[in-house]
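Enquirer: Here it is: the structure, laid out below.
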Amino acid sequence: MEARLGSRQYVIALIALVVLLFVILSILAPSTYPTLRNVLSMASQMAPLGLLALCVSLTFLIGGIDLSIVAVANAGAIAAAMTSTALEPSLGAPGASLVGVAACLAVGVIAGVINGTLVSQLRVHPIPITLGTMALFTGIATGVTGGATQFGTGSLGFLGSGTIAMVPVSFLLFVIVVLALAIITTKTRFGFKMYAVGASDKVSRFARLEVEKVQVRTYMLSGFIASIAGLVMFAGSNAANVSFGSSWLILAILIAVLSGVDPYGGKGRVLLVLLAVVGMQQVQTGINMALGRWDGASFAAEFTFGVLLIAVLGLNRRLGKAERRKLRKKSKSEEIQQGEPTLATPA
Amino acid sequence: MTSDSSANAAGSSVLEAGGPSAVIAQGITKTYGEVTALDNVDFTVRPGTVHCLVGENGSGKSTLTKIIAGVEAQDSGTVSVEGRVLSSIDPRTAIQHGVRVIYQDLALFPNMSVAENVVFQGNRSVLIPVSNRKARKKASEALAALDLNIDPGTRLGDLSTAERQLVAIARTVSSDGKIILMDEPTASLTSREIDQLLETVDRLRQQGLSFVFISHKLREVTSVADDVTVLRDGQLISTGRAGEYSQERIAELMTGGLVENNRRETPAQEESEPVVEVRGLGLASSFHDIDFSMHRGRVLGLAGLVGSGRIEIGLSVAGLVRAERGTVRIHGESVENRRADNRLQYVPDDRLTEGLFLDWSIADNIVTNHLDGVVTPRGTVSPSKIGELADDWRSKLRVKTPDVSHPVSSLSGGNQQRVLLARALAPEPDVVILNNPTVGVDIGSRADIHDVVRNAADEGTAFLVISDEPAELLSICDDLVFIHEGRIIDRRSADSLSEETLIDIISEGGRS
Amino acid sequence: MIKRLLGSRELLLAAVILVLAIVFGMLAPQFFSFAHMFGIGRSAVVLGLLSLGLLLVMITGGIDVSVSATAVASMYITSVALLELNYHGPFLLAAVLAVVIGAVFGLVNATLVTILKLPSLIVTLGTLTLFRGGLLAFVGSDRLRELPAKMSEFSTAQLFTLETGGRPAPFHVSVAVLIVIAVLLAWALRSTTWGKSMYAVGDDEVAARRLGVAVTPVKISAFVLAGALAGLAGIMSGALNRAADPFTIVGVEMDALAAVVLGGAAVTGGRGSVLGTMLGVILITMVAASLVLVGIPSAWRHAFVGIFLLLGLGIPALRQRRIEKARGMVVSN
């Protein structure tokens, strides 16, 4: 179990990082940073990116990747905007919005099933496949809208900016999704198989696990969650456009990597995406605080994210290697590894 | 120990006198983790001779070849080739000194053509132009020299296993090497092809090339060797002129006298109703018209060459390869989606890349195929139940580990294989398909694993065993089905067979 | 031999291009003018150079999505530097500078992928944002309209101009540059040890190492060349547009990937050809340039690229799987 979840130390390190960032930024801006207002404001911004990061983590977990998530989110938001606007005259704003929500989520599920089916049936690496579907989904959305921004009925505002007991609704939604996924991945038979496929799809196949089913379901989940992210984005601004969130893919991957989920699959905890998002939000807020008045601030932020992505990935690999060495040593006492590694017999 | 280098054995070559030894490996020690794969081994190849390296799986033969080839780094000891100590441990250095290798896994490039594979040399200076026409010509010649009829333009990935092995041989013998290491070059070849290879080896020996030849097949060893070295568990057991070794003696040295000769006793009576009934199973270019029945408590063996279709038949029964024709009935009912049927279990042969989740704990590996047995009433996977089930099987199969939460990679080959068996047996299946159940397992564990299979069979499980080891087939099987080029060519009861006859049927392809 | 040629990816692609060209030509007669043809050639230059670079990386079994950022960064840095130095020399020197800068960016990718052994997709996604973000933040984000004179002049450097039916059809030098580079690369990949080693590394890295290939230098060469080609693509783009715009060449890595995959390369390495890639580039450029001609809004461009990419992946994958299935090589259904 521990082998699959990754080391405890990493969890502690991540918590330490989040706390440290908070302390540093509080010291730098004692009057504005450690305030309830700021904390709630940050919480209200986390949901879309956090949800997209969950998509990446889930697909990482099975040894895949879903690069189409931002395209799916935008396509879902556009579907929501267009259906709800079209139906508003006949169903009224709330009813139309409800249909819009359903349309958005349906787009996500369908997109996810397409990704999953292509990945499992073609057995081609998911990188080019999901890049292809990214272009396809973006292209369809661009074609349908002509690239124009679509506006909704405005009745989903509570999802974007509403609060329950001062806590932003979108943040609550994000937390609920994280917890649900944490339970699915670590407590269910399906989750067990996800880790198995991620650890080695070859071994899983020879163990007669239904690898294709696991892949389709995981990409479906990813598409579904991406469409929730699209919904939250749409609800916040009451607008949808194919070009929204263009830098979010890299951020989502960065957060997923930071959460310690192994990009090669089979290792990590989806739950830690929560901590990683909080950490990244603080980094983002910190950059804004430091560079906010400079024209190049957003570019410098992008630069920083790129550097962080590679740095965190490199660090994780190092830690992973050290960890494995330690685990091996731990149970060296009685039995020793067979000397001659068996080579694969060509099929 | 027999290592009198002065004795002049029969069959040694004309070039014997003078010149340094082709290869001298001195005091080679290699450990993986805390396992000693090779323990202070000395090994010398005289120029212009064939030196056979024999030993059981896991005895260190392949490791020794890889060290000579510069692929693996030894912990201590030196390798010198033609009198010069290899300065750096790197395949490039070894290649420059004329070392060529046929690796057990062939090391070919599936997306390249046969011609490109045959002429490929990676250690050339990068900008030297390669003429594709010349390459084709050279490849054709190399293939013709081995009497092979393969179009050099074919994509390598489209060849059969045996053809690939022959291409690997053609590449190695045509590449201007001086010392050729062959790691199990005949595993998938028929006796005719083997004769062809041995003739080629002999011809090249006459021309002054030196060979290290690894094989399981002791007949080949005694027919081609000038010198013999026997390894067991990483130790040098014996080395000397081939004339001093009979097949019996080599077998005894390899196993340390621990030859397991007990066959399965009192096989259960064949019941009228088979557990599995395979009828007319066929798949395009892989296997055809396969009929056999498996019965409760009986062990059926599939014998044949590597690449004969045995493994694909096993995979197909397990539901991992979809056959195009034929039916598989389980308890009388035809089952299409056999993969989802937990009454069947499959144990692959390559436990490191096909069998085990190496980073996972022993417990997680054991329960992989029996998740239904470790869930709480609410349907969530329970870590404590995983632990209990795994502990149960640890004691049943005597897996040597202090704790099932340890990573499975910390176990020895024999114990890893026990974990795989536990995984297959945990769901209490009716049928288990085993593919080479004791590859790379020490001799003691092999006997234990055979006991596990026999005991499970006694309790009523039906087994289908695919194995490269004739002795293993005879030791655990009740009945044998022989496969050649995807077809059944013979059926025998194991009682009536000697190991010699069994090998004959396998490599003659039924034409004897 | 003939059967193999018929089954080849290149022939299939050429047939698709031909059929599409006929369709376009029937819908819009001006499609078959030399002016339109040469125009397609000119707009294929940047994509072509980027695709060739990506092809090299993909043959070795990696991927490089940072090529577009490398291109724009090399172009912009070169332009800024030359303006700063008040440079009036030949365009060639500017191009060399851009190529060198691109190669340095390529070396960054190569180091991260080979030395730190990080997955190339995530590394190059990282460097994609890093290069672009760094460029915009620290070098500049203004569109430079006044380029060194020789650089701007290059935009009208025609190799020759055909006069057909009174309309001039100019053939730009950059197209010839692309063709020369493509031919050189095709030769190097087919007929040098370096080329064979590139395929070997992508096909089976372990086997390549055992046969004496210096695997790490080979991989580094792929990334560095990809960077260098991207640098050239960048400077060409700047010169052709007569402006150094740090916001151009966005998302072209997608088109490049589609072109390379269409041309038969696989992310798993060991496959792909220059001819296939160039045909892929022609197909994509032709469709992009002709959609409007036949009355389809250009907004659908991405959808076409996506479909091309998926078809390019899907058809050969399904064919391969059928072969493998017949031989019992596909484990699980």
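Backbone N, Cα and C atoms are what each Cβ position is placed from, and that goes for glycine too.
The shown structure was predicted, so the numbers you read here are calculated from the model rather than taken from an experiment.
Pulled the feature table from TrEMBL, pasting it below:
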- C:12-32: transmembrane segment (TRANSMEM)
- C:38-58: transmembrane segment (TRANSMEM)
- C:65-83: transmembrane segment (TRANSMEM)
- C:89-108: transmembrane segment (TRANSMEM)
- C:120-141: transmembrane segment (TRANSMEM)
- C:169-189: transmembrane segment (TRANSMEM)
- C:220-240: transmembrane segment (TRANSMEM)
- C:246-267: transmembrane segment (TRANSMEM)
- C:274-293: transmembrane segment (TRANSMEM)
- C:299-318: transmembrane segment (TRANSMEM)
Enquirer: May I ask for the residues of the chain that lie six or more residues beyond the transmembrane segment (C:220-240) and have a Cβ under 8 Å from a Cβ within it?
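Expert: For the transmembrane segment (C:220-240), the nonlocal Cβ contacts are 42, 45-46, 48-50, 52-54, 56-57, 59-60, 62, 64, 67-68, 70-76, 78-79, 91, 94-95, 98-107, 109-111, 113-114, 147, 151-152, 154-155, 172, 174, 177, 181, 194, 198, 248-249.
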Enquirer: Are there three or more C-beta pairs under 8 angstroms joining the transmembrane segment (C:38-58) and the transmembrane segment (C:169-189), sequence spacing 6 or more?
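Expert: Yes, the transmembrane segment (C:169-189) contacts the transmembrane segment (C:38-58).
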Enquirer: Would you say the transmembrane segment (C:65-83) and the transmembrane segment (C:274-293) are touching, if the rule is that at least three C-beta pairs must lie under 8 angstroms and be 6 or more residues apart?
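Expert: No; fewer than 3 Cβ pairs under 8 Å.
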Enquirer: When you scan the chain for residues with a C-beta under 8 Å from the transmembrane segment (C:299-318), skipping those not six or more beyond its ends, what do you find?
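Expert: Here the qualifying positions are 9, 254-255, 257-258, 261-264, 280, 283-284, 287-288, 291.
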Enquirer: Residues sitting near the transmembrane segment (C:65-83): Cβ under 8 Å, six or more positions beyond its termini, same chain?
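Expert: For the transmembrane segment (C:65-83), the nonlocal Cβ contacts are 46, 50, 53-54, 94, 97-99, 101-102, 105-106, 109, 121, 124-125, 127-132, 134-135, 139-140, 144, 146-148, 151, 226-227, 229-231, 233-235, 237-238, 244, 246-253, 256-257.
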Enquirer: Against which stretches of its own chain does the transmembrane segment (C:38-58) lie, if we need a Cβ under 8 Å and a gap of at least six residues from its ends?
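Expert: Sequence-distant neighbours of the transmembrane segment (C:38-58): 64, 67-68, 71, 120, 162, 169-172, 174-175, 177-178, 181-182, 185, 198, 202, 221-223, 225-230, 232-233, 236-237, 240, 249, 252-253, 255-257, 259-260, 263, 265-267, 269, 272, 274, 277-278, 280-282, 284-286, 288-289.
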